[in-house]
Amino acid sequence: MSYQARRCLVRGSLNIDEFFYVQDVVRPGQTISSTKFERRAGGKGANQAVAVARAGGDVSLVGAVGEDGTWLVRNLEGYGVSTANISVVQEVTGRAIIQLTPQGENCISGLAQGGKLRPSNLPNDVERHLTGISHLLLQNEIPWASTLAYLEHAHARGIVTIFNPSPVPADAQLHAFPWAALSWLIVNEGEADSLHRVIGGNSGNHKVEEYPVNWPDDNIVRLAFSTLNNLRHGEHLASTSVVCTLGAAGVLASIRGLEDVLYFPAAALEGDVRDTTGAGDCLTGYFVAGLMEFRNKQLSEDEAAGLLRLSVQAAGMCVEKDGAMESIPERVVVDARLSQK
């Protein structure tokens, strides 16, 4: 596989996001009123593809919409995402119902409909889609068989593979997942904990790593550090680098070839938190675009820290605006914010 192209393929979902603005997220048995309603483009596949493009990466999205979602395709084209491999199918487009509070907290329920593209000739389609690709980015909002097919074909071609398992797959799927085919795993602290519960971690044959004294005295960071150390010393992730996002607490990374876990704090904001919906997708897309700049080389600690810094800054700027896809900042704006520090 030649890495001259440096082109990312995202195989993922396209949704219509329906935002309900509420004072508090609804609880079981409760009926509440919404103060505002908005409909926007979304889906983790679409959001992350846009983030790669906004970060300066060359990116193509493979997915599907219903006839009610063709405007999503036009949106993506406007952001610079190649949409040649997006199909229009005879079913409704996927939906995400999002409750959003004034504090920027959200609660999301998803309906994956049009996102469930089922190619009639999956192996041939996968091979065609992966031609000229250097990086493959996957989430978990499409059929599991499709995720596995793209991952295994990409690994066989020497393509850098990245998986953001959101929502978290079923236990049986995690046990059977071909972890050796995965280059990078990107999770939040809750997803990391779920993975640790299901696939386990260290075998007890490595030295217990002490929490670094120069890191913040923060229980979220401490717990995530312990979980990540257990995972990275386990058999499943022996050849996989892991990025673990911690929201307002920052990000941790265990990178293959580097001895120590890296930590980078969250970016300082220049305004209030307005909406956290797209922050994780923004960070993921920016991180993948950064990986593309390094082709397939081993990252040094300084290079990894610079990439984390860029991604965290982009995610921080994302939460300063409403929406998911539309809140993802352009690379030039992120670079300008970083240059002020």
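Note: Cβ is positioned from N, Cα and C throughout, glycine not excepted.
Of the residues Asp281, Asp302, Asp322, Asp335, TrEMBL puts just one in the substrate site with Asn15, Ile16, Asp17, Gly43, Lys44, Gly45, Ala46, Asn47, Glu141: Asp281. The candidate list Asn124, Asn140, Asn188 contains one residue that TrEMBL assigns to the ATP site with Thr245, Leu246, Gly247, Ala248, Ala249, Gly250, Gly280, Asp281, namely Asn188.
The Cβ of Thr277 (K(+) binding site) lies under 8 Å from the Cβ of Asp17, Ile98, Leu100, Asn106, Ile108, Gly323, Ala324, Ser327, each of these being in the same chain and 6 or more residues away along the sequence. All protein chains considered, the CB of Gly250 (ATP binding site) has 21 other CB atoms within 10 Å. Using CA atoms as reference points, the binding-site residues Asn15, Lys44, Glu141, Asp275, Cys318 were checked against Asp281 (ATP binding site), and the closest is Lys44. Note on the domain 'Carbohydrate kinase PfkB' (7-330): mean pLDDT across this stretch is 91.
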